[in-house]
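Engineer: Pasting a structure below so you can have a look.
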Amino acid sequence: MDLLQRVLNFKGTPPWLNATALTALTDHWRPEMHSFHLPLGEMSVTLEDITMITGLPIEGRALTGKRYFRKCSNDASPTVVERYARAYLWNLLTQVVFLNGTGDTTSWMFLDPLCVWDVKWSWGSAALAFLYRQLDGACMRSKPTSTLGGFVWALQVWMWERIPVGRNLSLPPEEPWKYPFDGDEERYPTIAHTWANAQWTSIAPMGRYKAYISELDMLTYEQDNWRPYTILRRFPLRNMCLRDQHLWRVWCPMVCFFAVEWHLPYRVSMQFGVQQRSPPDHVETSVVLHKTNRQNNKSVINWEEHHIMWVDMWNAQRNTRVETDQTPDSDKAAYLRHLEWMRKEYKIIHKGARHDGVHT
C-alpha cells in the first residue's frame, strides 16, 4: 500500500505546462549521456529531483515483470480470475475507449505491479527511466504533431526550480503554512507545492521558441540554480522527499519494464554541490538499450527475464554503486576547465558562459 500514500501528491491540479519552453529544453537533450547540454555545462533530471518533486520512492525492486497475461488457467482461483478480468478491462479502456489521439496508449503491463501491494517497487527510478526514454525519442522528432510523454509535469517543475527560462508566471505572496492533516507527515507537500498556485502570464506566442532557445544558449553559471533544494521554504516537506537520499547519486541502470536507462549523476556533479570531473567517465546509453522497446520486441513476454542483467544490477548492486566523491564545487578553475573540455568534445559554443566575470 506504499504507493497509495504517494498518490496523494497528485490529487491536486498539476502545474500549467509551458510546452514551448519544454520543447526548447528538450532540443538540448543528449541521449548518449542523459543530460541537457547547455552553455553553462551539463544538467539533468536526477533521482534527487524526482523524489524531491514527486515524493516517489527510489528504494525498492526494479519495476518490471510480464508484458501481459496470456491465458487464465481453467483451475484458477476466484482471486486470479478477478485479476485477469481487471487486466482485460484495463486493456479495453486504454486501447479502445480512451485511446490517445497521438498513437500512444497507456500500457496495461503496469497493472501487474499494482496488483501486488506487498512488493516495494522503485517507482521513482521507473518514472525517471521512462522520462529519459521519452526525452531520447522526443529530441529527435521534428513533426509538428510530435509529443513528449512521461512525467512531463515533474520536468516542468524541475525547469522552473533550476533554470530562469520559461517562467512566464507569477507566484502568489508567501503565507504562513497551514497544516490541516492532523500531524500526518506522509501528507506534507513536496517541492512541487512551491508552484501549486502559480499564475500564468500570457505573452505573444510568435517567436517564443526562438526566444527560449536564445535564453538557454546564453545562460551563465550564476543564473542557474544548481542546488534549489537547499533554499528555505515556508512549508514542511514530506518525509519521503529525503528518505532515500542515500541513492540520489547511484550510478546504475534504472528499469521500467522495456525501458532501461542509465542514471549518471557524475555527469552533473555540480547539481549535488560536488566538483565536476573532466572528462567524466563514459557509459554508452543509447546504442543497444534504446533499440529495446515494445514495438521492436513484440515477442518479449517477460521483461524481467529479458533484462535480467540490468534488473539484477539494480536489485542487488544499487547500494554499492553510489558515487562517493565529496570534493566541494568551489574550484572556479576546475569549472572553466570542464567547459573547455565540453567545447572541444561536443563542439558546444559557450556564448555567455562565465564564472564571476571570466569568459570561456
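Backbone N, Cα and C define each Cβ position, glycine as well.
Note that this is a predicted model, so its numbers are computed, not measured.
Heads up, here are the entries from TrEMBL:
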{"type": "DOMAIN", "residues": "19-66", "note": "domain 'Aminotransferase-like plant mobile'"}
{"type": "DOMAIN", "residues": "81-328", "note": "domain 'Aminotransferase-like plant mobile'"}
Engineer: Considering every residue in the domain 'Aminotransferase-like plant mobile' (19-66), what is the mean pLDDT value?
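Structural biologist: In the predicted model, the domain 'Aminotransferase-like plant mobile' (19-66) has a mean pLDDT of 92.
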Engineer: I'd like the per-state residue tally for the domain 'Aminotransferase-like plant mobile' (19-66) from DSSP, helix first, then strand, then coil.
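Structural biologist: DSSP classes over the domain 'Aminotransferase-like plant mobile' (19-66) add up to 16 helix, 12 strand, 20 coil.
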